[in-house]
Amino acid sequence: DVVETQEHYKSRWRSIWIMYLTMFLSSVGFSIVIMSVWPYLQKIDPTADASFLGWIIASYSIGQMVASPLFGLWSNYRPRREPLVVSTAISVAANCLYAYVHVPHSHNKYYMLTARALVGFGAGNVAVVRSYIAGATSLTERTSAMANTSACQAVGFILGPVFQTCFTLIGEEGVTWELIHLQLNMYTAPVLFGALLGVINIILIFAIFREHRVDDMGRQCKSINSEGEENDALDQDTEGNVDHVAVVALNVLFFVILFVFAVFETIATPLTMDMYSWTRKEAVFYNGIILSVIGIESVAVFMVVKTLSKKTGERAILHGGLLIVLVGFFILLPWGKKLPNIQWQEIKNNSIPRTVPTEMLMPFWSLQELQLPSNHTAEPVGCPLTQSWCLNTPMVYLAQYLSSDVLIGLGYPVCNVMSYTLYSKILGPKPQGVYMGWLTASGSGARILGPVFVSQIYTHLGPRWAFSLICGVVVVSLLLLEIVYKRLIAFSVRYGRMQE
């Protein structure tokens with residue numbers, strides 16, 4: 001005896017689509033500079049090493065982890081438009097700061113660290129987004145809506161580097177606007193574009209977003225955030241306890257999924273610069289093209305997975321996705337005998353050779369004594385001698401790298417969407433704000449530890465150790481999935497209200 005008006009239905013879904021866009025843009029804010037952070041960091045502050053790169057990338061997720069509960073708490077007592085607008089404005093300001101980190105005369109790497117942490121703080125609005133979508137959808141709509149949210153987030157992570165690739169055409173020097181000390185180049189243009197997207201997002205939130213709340217049956221309810229009154233209507237379908245073992249297991253699996261993809265995005269640029277003697281510009285451009293192809297692949301995967309899951313179920317697809325990711329990282333292990341080219345830093349005829357065959361290397365101690373003159377302009381390429389493993393670890397062939405890219409680009413979106421779908425089904429009609437906060441924390445923690453882990457292990461021990469440990473982590477996650485496999489069922493199925 002309840003019917004939602006057509007006007008209310010359209011307004012509700014317009015608001016949900018604005019939330020999808022907000023989720024997408026927060027992910028783009030993370031990944032749009034992933035490919036260029038390392039070369040830009042080397043350019044503005046030569047004292048920064050690969051270990052500091054890990055902290056810069058992780059700072060985004062640290063900011064998000066801190067901000068998520070704060071914005072979530074804010075949205076419990078005030079209209080959600082407030083934390084959404086404030087958080088997006090913080091991200092816009094932080095992106096503008098990133099565009100100016102080259103201006104100070106010292107400590108530039110710490111300014112970059114601060115800018116990325118503030119961008120992450122602004123991205124803490126994902127907790128507000130998820131709690132709104134959970135409250136603005138009926139039980140039958142919620143699984144699809146949560147899967148779409150996951151898809152928007154995943155597409156943002158993957159397609160961010162596509163925008164970066166387009167901006168490499170500007171070049172490292174680009175154009176300088178002396179009046180406001182702004183350098184518009186391949187490193188700053190992406191964040192300024194991100195700031196523009198943020199401004200557009202704020203305008204859309206003011207113009208289109210409205211507070212809506214429906215119960216599990218889709219009946220319109222008063223929104224706490226706009227009316228200041230709680231709706232005390234309960235539904236008998238909420239009776240029963242959530243399976244917290246399944247909830248914890250999925251949080252762990254989601255952590256692993258985000259962890260391995262954060263590792264993949266972080267290591268791409270340093271790995272290709274070391275293995276294939278690519279310059280900074282080449283590494284950003286080529287990896288951007290590779291991730292663009294992966295982005296197209298992922299969009300196709302999202303379309304196929306929704307249909308395939310109806311036939312095989314989400315659990316089987318999640319299992320298959322993890323297996324694909326495992327194979328992808330296993331392929332990355334160095335198997336051959338050829339060593340990577342070593343950076344050659346001896347000046348001959350006022351030029352620096354791009355690479356020197358490893359069999360022509362001088363003893364390690366004498367190479368360390370070679371120094372570049374202060375007025376050199378050529379960019380040294382190859383595997384740096386500061387990474388001692390370069391002298392004894394076989395290179396990862398380009399065919400290995402490309403094959404791994406394809407497999408990880410296939411497995412990651414499958415796992416991401418299925419984990420969100422299963423999570424929303426397990427929670428059922430229960431309020432999902434706190435639980436989604438846990439999932440946000442899991443993802444943020446993964447994006448903190450992933451870059452730090454891989455930058456430390458890769459820098460000091462090399463790709464063999466780094467990728468072997470990743471394979472071990474994925475194997476453990478597969479064992480966990482096997483243990484809890486039978487518990488990953490929908491809330492209504494668990495209590496016999498509907499059949500699986």
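From the backbone N, Cα and C atoms, a Cβ is placed for every residue, glycine too.
TrEMBL annotations: computationally assigned, not manually curated.
The following features are taken from TrEMBL:
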DOMAIN    15-489  domain 'Major facilitator superfamily (MFS) profile'
TRANSMEM  17-40  transmembrane segment
TRANSMEM  52-72  transmembrane segment
TRANSMEM  84-101  transmembrane segment
TRANSMEM  113-133  transmembrane segment
TRANSMEM  154-171  transmembrane segment
TRANSMEM  191-209  transmembrane segment
TRANSMEM  245-264  transmembrane segment
TRANSMEM  284-305  transmembrane segment
TRANSMEM  317-336  transmembrane segment
TRANSMEM  401-423  transmembrane segment
TRANSMEM  435-459  transmembrane segment
TRANSMEM  465-485  transmembrane segment
Revision key, fill the gap. Other same-chain positions with a Cβ less than 8 Å from the transmembrane segment (465-485) and lying at least 6 residues past its termini are 245-246, 249, 252-253, 256, 259-260, 263, 267, 315, 318-319, 322-323, 325-326, 329-330, 332-333, 453-454, 457-458
Point to revise | Beyond the flanks of the transmembrane segment (52-72) by 6 or more, those residues with Cβ under 8 Å of it | key: 29-30, 34, 37-38, 41, 83, 87, 109, 112-114, 116-128, 131, 262, 266, 270, 433, 437, 440-441, 443-456
Exercise for review: Flag the pair the transmembrane segment (113-133) / the transmembrane segment (154-171) as in contact if three or more Cβ pairs fall under 8 Å (sequence separation 6 or more).
Suggested key: no
Check your understanding: Counting only pairs 6 or more apart in sequence, are there at least 3 Cβ pairs under 8 Å between the transmembrane segment (245-264) and the transmembrane segment (317-336)?
Key -> yes
**Study point:** the transmembrane segment (191-209) touching the transmembrane segment (17-40) per 3+ Cβ pairs under 8 Å rule
**Key:** yes
**Study point:** Within-chain partners of the transmembrane segment (154-171) [C-beta distance under 8 Å, separation at least 6 from its ends]
**Key:** 23-36, 184-186, 189-190, 193, 261, 265, 281, 284-285, 287-289, 291-292, 294-295, 298-299, 302, 409, 412-413, 416-417
Exercise for review: Verify whether three or more Cβ pairs under 8 angstroms connect the transmembrane segment (401-423) with the transmembrane segment (317-336), leaving out any pair fewer than 6 apart in sequence.
Suggested key: yes
Review point. Across the domain 'Major facilitator superfamily (MFS) profile' (15-489), what is the average pLDDT of the model, as a whole number?
Key: 80
